[in-house]
Amino acid sequence: MELIERVNGHFLESMAAKQLAMEVLPGTIAQAAESMVACLMNEGKILACGNGGSAADAQHFAAEMVGRFEKERPGLAALSLATDTSALTAIGNDYDFERVFSKQVRALGQDGDLLLALSTSGNSLNVIEAIHAAHERQMGVIALTGRDGGQIADLMTADDILINVPVERTARIQEVHITIIHALCDAVDYMLLGGD
């Protein structure tokens, strides 16, 4: 019985985290989706980065954009900076791990593009460096963070968007992040394609 209760606890915590996010984040998520659509309609692209589970989320987001989410549509310009093992290992080896995303942002990012920066702690140094690089390239930033937003919260400019999940446990933050990513994909499709 103890194990069942432990398992149930995960579901209960996840529901509570999502309930809290639903109370405080929809307006910010909608604003982020509008920013993404504006970027894409102006022939910009969205670069996404993160570490570990956040790297998987960055890749998941890019796949939904380039492929499709739930509706058929042409591919949308998005790229995960966490998937090119040659670039990641070359930059990490020749420079340092803190620059694995920022070097790619400086090489690929342009004025009008967006950076989707994911960090559950808000303190991932390579994501912070990517945000600095995006600002240098005149790119907007949408940051998905957790807890108190960490150092990333302090880097946001008036043009950037911080979507912060105000819970402590990393697993719960990640679960809310993937829900936010799906909500962003759905909102982008809704604005571009209309429908129900």
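A Cβ is built for glycine as well, from the same backbone N, Cα and C atoms used for every other residue.
These numbers come from a predicted model, not from an experiment.
Per Swiss-Prot, the features are as follows:
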type    : residues                                                                         : note
BINDING : Asn51, Gly52, Gly53, Glu64, Asn93, Asp94, Ser119, Thr120, Ser121, Ser124, Gln174 : substrate binding site
BINDING : His60, Glu64, Gln174, His182                                                     : Zn(2+) binding site
DOMAIN  : 36-196                                                                           : domain 'SIS'
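Binding-site extent for substrate: residues Asn51, Gly52, Gly53, Glu64, Asn93, Asp94, Ser119, Thr120, Ser121, Ser124, Gln174, maximum pairwise Cα distance 32 Å (rounded to the nearest whole number). Closest by Cα distance to Ser119 (substrate binding site), from the binding-site residues His60, Glu64, His182, is His60. Cα of Ser121 (substrate binding site) to Cα of His60 (Zn(2+) binding site): a span of 19 Å. In the shown protein chains, 29 other C-beta atoms lie within 10 A of the C-beta of Ser119 (substrate binding site). The shortest Cα-Cα distance from His182 (Zn(2+) binding site) to any of the binding-site residues (Asn51, Gly53, Asn93, Gln174) is found for Gln174. On a Cα basis, His60 (Zn(2+) binding site) lies 10 Å away from Gly53 (substrate binding site).
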